[in-house]
Amino acid sequence: MKTAIHRAFLTSVLLAFCMGCLLVALPQPAFADSHYPDPDRIFLDGMRYSEGHPAGASYNPSTGVLTLNNYNGGGIYVQHPESFEAETLTIDLKGDNVVTCINAGNDAGIDISGSGSDLIITSAGGGTLTVTREEGSTSVGAVDGIFVNRGICISGNAVVYVNVSSISSSSPYVTGISSANSNIEVKDHASLDIFVSAETAAGCYGIQTYGNDKGLMISSDKAVSIECYRNDGGVTHGLHDQHTTVPFMFSNTPKVTIKANAVWTSNSVNEKDYLVDGYSQEITGYGSDSVYVYEIPYENWGWIKVGTKWRFYMGGGAYITSSFFTDKNKTYYFGDDAFMVTGWKKIDGTWYYFESNGAMKIGWVKDGGKWYYTAMGGGMVKGWQKISGTWYYFNGSGVMQTGWQAIGGKWYWFTDSGAMVTGWAKISGKYYYFDSSGAMQKGWLKSGGSWYYLNSSGAMVTGWAKISGTWYYFFSNGKMATGTQTIGGKTYRFASNGAWLG
């Protein structure tokens with residue numbers, strides 16, 4: 001008869017005999033050197049994978065990844081390998097997946113029974129996994145939702161629900177998740193919800209581990225919940241671990257709720273209040289003596305760093321999401337994932353820029369070698385903008401323009417700093433004139449009491465020029481000649497309007 005205790009004892013003996021001190025060196029899931037299960041030893045809904053498999057499941061033996069894509073079927077079982085090599089099975093969740101295992105004897109809903117086997121459950125896109133294990137038999141020793149011989153790691157954006165119930169009168173061990181020789185880790189943005197109920201039981205556990213260090217490690221930024229009930233009035237346990245001295249390690253997790261008679265049981269000693277490694281805060285009961293809630297304490301509300309990213313914790317398991325937030329005269333924005341935004345972000349149709357510290361930038365922004373400008377409200381500007389008394393032009397992408405620009409059918413010129421030019425400007429060795437609106441002028445121009453002529457490209461004319469059939473002369477400074485002038489050693493006469501008379 002396979003029970004949780006028998007499993008732990010047998011596998012511990014085998015590991016001690018075959019692996020020696022290696023077990024001590026693996027206090028938590030460390031799967032880098034693992035091999036992968038052979039398809040011949042993987043069963044889904046009673047079917048050997050190499051011979052066929054249900055819809056919604058596919059396995060890649062070269063990576064050890066079992067992809068569940070809206071899978072809805074029976075239990076997942078990995079048979080014990082012939083060797084004692086460490087193995088890792090990764091379950092990648094896509095969509096909503098359901099594993100249902102009813103009256104399966106001593107088999108778990110997900111059962112990874114290899115002596116050195118680890119399980120990773122992960123998802124990039126928020127896939128869910130619901131494991132339902134129900135037992136009504138009178139001859140079972142253990143009813144587990146998930147059983148793994150070594151470690152379990154729930155990571156990425158995986159959402160995992162484990163529901164276990166037993167009405168067996170044989171007093172089995174009823175457990176949500178069992179890790180026979182290591183511990184359980186929930187990290188990244190994964191969430192875990194365990195519900196266990198038993199008519200009567202030798203032991204009723206949310207989680208049962210046999211690790212040598214932390215029993216349950218949670219660094220996820222999502223809440224975790226464990227609930228255990230017994231109809232016979234017996235004791236229930238949130239976590240049972242016979243070896244660990246520090247049952248939990250919490251880091252950055254907003255809230256952990258444990259509904260059980262005892263938060264932690266080790267060697268038959270019930271502990272209700274204890275220091276949690278990571279925050280050194282006690283889990284304390286409220287509502288009733290059998291409900292224990294660990295929550296980031298009030299003094300830790302606010303900014304929380306998760307890896308290299310930042311969130312703002314509001315208490316009660318909630319973070320700021322999809323909103324602007326002002327703190328100490330600086331404005332920040334948090335995305336749908338509740339992480340602080342940096343760089344460019346389009347919000348309600350308007351682009352904003354947030355510095356590396358998350359603060360919204362107001363004013364000039366240099367990004368990728370280009371200049372932008374964000375107005376007082378933080379939004380990126382486009383088109384004409386008067387900034388500190390100077391006109392600038394920003395294209396449809398918000399990039400500040402320099403040099404020649406055709407805007408609205410007119411030509412403008414902007415300096416390297418983006419300032420719009422008015423009046424005379426020497427550009428590439430030629431003079432141009434821009435009126436007070438910045439538009440380049442052509443044809444006849446009177447400036448400072450003198451007449452000039454600007455050709456079709458806007459360049460100021462010098463020397464002899466025939467305009468509308470009449471000859472004119474313009475000095476090197478562009479001014480039109482009138483009266484009697486000596487040019488090239490010869491005398492010429494010009495009318496008051498500049499026309500050459502001879």
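The backbone N, Cα and C atoms fix where each Cβ goes, glycine too.
These features come from TrEMBL:
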REPEAT    341-360  repeat 'Cell wall-binding'
REPEAT    381-400  repeat 'Cell wall-binding'
REPEAT    401-420  repeat 'Cell wall-binding'
REPEAT    421-440  repeat 'Cell wall-binding'
REPEAT    441-460  repeat 'Cell wall-binding'
REPEAT    461-480  repeat 'Cell wall-binding'
SIGNAL    1-32  signal peptide
Quiz item: Under an 8 Å Cβ to Cβ limit, what residues of the same chain, 6 or more beyond the ends of the repeat 'Cell wall-binding' (401-420), are close to it?
Solution: 371, 390-395, 427, 432, 434, 438-440, 458
Quiz item: Near the repeat 'Cell wall-binding' (461-480), which same-chain residues lie under 8 Å Cβ to Cβ, leaving out any that are not at least 6 residues past its ends?
Solution: 431, 450-455, 487, 492, 494, 498-500
Exercise. Please spell out the DSSP helix, strand and coil residue counts for the repeat 'Cell wall-binding' (381-400).
Key: 0 helix, 11 strand, 9 coil
Self-check item: Helix, strand and coil counts within the repeat 'Cell wall-binding' (401-420) (DSSP)
Solution: 0 helix, 11 strand, 9 coil
